[in-house]
Amino acid sequence: MEHIQGAWKTISNGFGLKDAVFDGSSCISPTIVQQFGYQRRASDDGKLTDSSKTSNTIRVFLPNKQRTVVNVRNGMSLHDCLMKALKVRGLQPECCAVFRLLQEHKGKKARLDWNTDAASLIGEELQVDFLDHVPLTTHNFARKTFLKLAFCDICQKFLLNGFRCQTCGYKFHEHCSTKVPTMCVDWSNIRQLLLFPNSTVGDSGVPAPPSFPMRRMRESVSRMPASSQHRYSTPHAFTFNTSSPSSEGSLSQRQRSTSTPNVHMVSTTLHVDSRMIEDAIRSHSESASPSALSSSPNNLSPTGWSQPKTPVPAQRERAPGSGTQEKNKIRPRGQRDSSYYWEIEASEVMLSTRIGSGSFGTVYKGKWHGDVAVKILKVVDPTPEQLQAFRNEVAVLRKTRHVNILLFMGYMTKDNLAIVTQWCEGSSLYKHLHVQETKFQMFQLIDIARQTAQGMDYLHAKNIIHRDMKSNNIFLHEGLTVKIGDFGLATVKSRWSGSQQVEQPTGSVLWMAPEVIRMQDDNPFSFQSDVYSYGIVLYELMAGELPYAHINNRDQIIFMVGRGYASPDLSRLYKNCPKAMKRLVADCVKKVKEERPLFPQILSSIELLQHSLPKINRSASEPSLHRAAHTEDINACTLTTSPRLPVF
């Protein structure tokens, strides 16, 4: 028996019994706190002889399949006799109930009071069980890599790879596992104790012991780690895992090493809503009247105030639509959609200059941690379907990172839908070519075409169709670095009929593909339609003008291009335009979309053309400019010091 007690002390101390969440006067759970019913063996019957009565001892069956024999002295109560035996096992009498096993009725027991005189029970067999309403549960550890900044709740040092309890949120390093508190707080049961402190146990009709004082509850909450307090300060409902083995289960395997937490446990679900716990503590401290508690309805929480104690099946069947219904509810803090953090409050952005307006919105220069471009979209009173579709597209746009793509910085949904992007100091390609008439050299024009194809190839690799590719949406940033903007956003670039998204011709007429103008398909936008728009941009680069400049009627252009009667005049291209570039322009603006190349092929063609262009290499005989001064000095020195040769 001393060996068992000594081993149990080692296990308890190894798991940091002194660092438990509750103080010493409250309930402390052992390492394994499932309510394993003690199974008496047939060989145990009849072992109790008259010698036990003469030796003043009582045999006691304890939780977790343990047993002990205690000595009884006159004047001692059950509480005094069993205190030491329970304490060395990490238990407290306030958390347990004691029963006397009836010898005449096998399997039946009668509950005793802890103040009962122990002398009257000499020679009897007693059993100690956990109380049903006591919030005892075990940690549910899972190995986790913390991608966001996190710190160990034990040593308060940086934590990258470690463990985290799925129930209470306790996180720690593997080498700190010996200091983890043994008790994991079951918040649903604590909530019941706070709201119904005078509740009784209805199974046997025997009143339950007095509930824990409110002071202990406050202390237990205040002694939680900082990260756990922050976790339970939000008003959301959490779903965590906790082990729930059968009460008749047995400890068939040895205790695991204390250096590694047990991360393999059967899981069921528990719901936690800590705002109600805080409200209950506050209301209880202000007024302890029953009316203050009864005024709160039972259906304020998605999880409910009270949960009946029903056996949890090993595998719970889920309704077909339960998954989607749960996702539509308030998201837990740890599982919140990451696009939430990309939403910007309208009050944080300061708009200054109106840059211009287009088919789908107005662009402003603004201030939000620096210069940004804010595009307020032309969507009035968006429906919930439009708002959700807009957020879905934003979730795709926020993942774009490329040197030739405008950096997406966030979005706004209050009052108006708006997107916030990187600010480009340079002008658009349209302004350079047709307003300022900047004179680019041919190799510069080819490099602009290459960068544009490179950015579009990246967007298509992300399954993003631009839908409005034109020279107005191509910006030259800090010299000749191409930045493509206003991509995606099919929600804004479509017409909505009720809750249904209906495609319509979008974009500028000169850059619209023939199939987009005709709108014969439900969704005419494709990678090939973007290629056609890119071909018109190539025409602008290589011709220095817009296509169909001789046609002044917009409707005529729409009719002729849609019918296939008109195409860009390739004879207007520059005379020094390479033949490979002329062929590429002709391929991109073909009337049949299946005949157009895709951007990987376009990009490789332009790169091959760049490598084939003749380059002017510096002459090897030309002196370096930074060495010219030294050369002059040497020549002067040579001329002045050369000796005169005698003349014969």
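Heads up, the Cβ atoms here are built off N, Cα and C, so glycines get one too.
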Next item on the list: Identify the zinc finger range according to Swiss-Prot, selecting from 138-184, 373-419, 514-560.
Entry: 138-184
Notebook entry, point to check: Rounded to an integer, what is the Cα-Cα distance in Å between Cys176 (Zn(2+) 2 binding site) and Cys165 (Zn(2+) 1 binding site)?
Noted result: 14
Check: Expressed to the nearest Å, what is the distance separating Cys165 (Zn(2+) 1 binding site) and Ser471 (phosphoserine) at their Cα atoms?
Finding: 54
Next item on the list: Give the sequence-ordered set of same-chain residues, not counting Cys152, Cys155, His173, Cys176, with Cβ within 8 Å of the centre of the Cβ atoms defining the Zn(2+) 2 site.
Entry: Asp153, Ile154, Gln156, Lys157, Leu159, Gly162, Phe172, His175, Lys179
Margin query: For a quick check of understanding: among the binding-site residues His139, Cys165, His173, which residue's Cβ has the most other Cβ atoms within 10 Å?
Written below: His139
Notebook entry, point to check: Taking the Cβ of Ser471 (phosphoserine) as the centre, how many other Cβ atoms fall within a 10 Å radius?
Noted result: 24
Note to self: Using the alpha carbons only, what distance in Å do you get between Cys155 (Zn(2+) 2 binding site) and Ser471 (phosphoserine) once rounded?
What the structure shows: 57
Check: Taking Cys152, Cys155, Cys168, Cys176 as the binding-site residues to compare, which has the smallest set of other Cβ atoms within 10 Å?
Finding: Cys155
Item checked: Spatial separation of His139 (Zn(2+) 1 binding site) from His173 (Zn(2+) 2 binding site) - C-alpha basis, Å -> 15
